[in-house]
C-alpha cells in the first residue's frame, strides 16, 4: 500500500503546536504516533523552540475515509438562515455606532502573542489559541479586541486627533469551557473612546448599549447594568493593609464571585496572603448594593465615590437611570481596567454577562506608548441571541428577492439573462432561473425566496421587445417593454 509522508513546518514541541497538526488529525495517524489534542498553549513546559516535528505516515486508504462534517468543537457554521440573523444583529451594532458618531476599524485576527499576555489577566492567558509560525514568531488568535486597539492607537501616534471614537466587530477565539452563550469563537462588538478623562465617556458608552437594546425590543425589565469602580477595590485594599501589588490578582478572584462558591473565593484570596479578617471584611463590603452604604464605609472624599455619583447623575440626563444599579462586587476580570467598570446582565439570572466594559487609562504604556485616558466595552454575539430566544424576540428573516426572471423557452435563456442584467443595473435583486423548469417549480421558488414579482420571457412578447410581469401579492399580470421595466 502506498504511503504519503507529510512533514509539517518547523514548530516547537514544547508549546504543543496543535493548530497546524489538527489539519491532519482527521487522517487517522498510526497508533504509535501520538498527536497532542489540546489547543491551548497554557500547557507549555518550557524548553527551546528549535527542532522540527514530523507528522505520521498517512496511507492512501486514510484519504478515502469520511471526514467529520461538523465544525470544530465550539465553532459554528453560518448557513443562509443563520447568516441572515448575524447580518441583522451586526447591522444594529453598526447603526447604533453610526448614530453615536463612531468610525469603524478592524485588526488582524492573528496577532503577536505578547500583545495578549502582558496585561490581559490570568484567565485570558490560559485560554489563548497560540503557536509558533514558520518564522519562529509567537502568535495568537485574538481573544479580544482592546489590545489590538491599543496597538493601532500607538502606531498612528500623533497622526490622529483626539478624542477617537472607534468601533469594531470582530471574531475572537478563546479555548474555554463551553456553556450556554459561551463558545470558543464568537464575534464581538466593541466601542471605545480614546482621549476623554471625564465620566461622560462611560456614560455615553452605556447609553449606546441601551439604545441597541431598545432597537431590538429589550427593555429595562429584561436587562440591567451592574456598575462599580476599580478604585473602590483599591481603596478597600489600602484600608485593610493589603499590598498594592496584589491588586491585579485580587481583581481576578473577585470577578469569580458569581461563578464559584464563596468558600473557594475565600480560599483563593487566602493564597494571596491576605488575612482571614481582611478577607471577611472585604467580602462584606463587596456585597454592598447601595452607593450611600459604600460611602458610609469608605467615605466620600475619594475619586471612586465622586466618579460613580457623576455617572448616576449622567444616567438620568441620558435617560437610562432605570437600567443601572450599583454593585461593589463588579470588578471585571481583565487586568487593564483602572476606573469605572460595568456589566450588562439579564434580570432573570439565566445567562452569563451580556456585555461589559470600563475605563483603562494605563493600557497604552503597557505596550510602550504614551498613556491616554480611554474606556470601552465588548459585546458578544452569542449571549444576546440566547436572550432574544428566551424573550421570543428573534426576528423572522426569510430570503427576500424582488424579481424572479424565467425564460419560457430554453432558446430564450439569453434573453432572460438580458432582462436580469437590465433589472440589476437598476439596483433590483433578481433570481434568474438558470435552467428549463416547469412553472409549478418557478412559483414554488418565488414563494420560497419571497419574490415580489415574476418576470416571464416568452417568444411572442420578446419578439415585440416586451416581457410579462406578474405581481405575486395581487395576482395582477401585465406586459411591458423591456426599456420601461422598472
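The backbone N, Cα and C atoms fix where each Cβ goes, glycine too.
Keep in mind that what you see is a predicted model, and the values were worked out from it rather than measured.
Annotated domain 'Aminoacyl-transfer RNA synthetases class-II family profile' per TrEMBL: 74-395, in sequence order. TrEMBL lists 144, 145, 146, 174, 188, 192, 332, 336, 337 with the feature L-histidine binding site.
Locations of recorded TrEMBL features on the structure.
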residue	record	contacts (Cβ under 8 Å, 6+ apart)
188	L-histidine binding site	144, 145, 169, 170, 171, 172, 378, 379, 380, 381
332	L-histidine binding site	230, 251, 255, 341, 343, 356, 357, 358
337	L-histidine binding site	230, 251, 331, 358, 359, 360
> Just going by other Cβ atoms within 10 Å, which of the binding-site residues 144, 146 has the emptiest spot?
Replying inline: 144
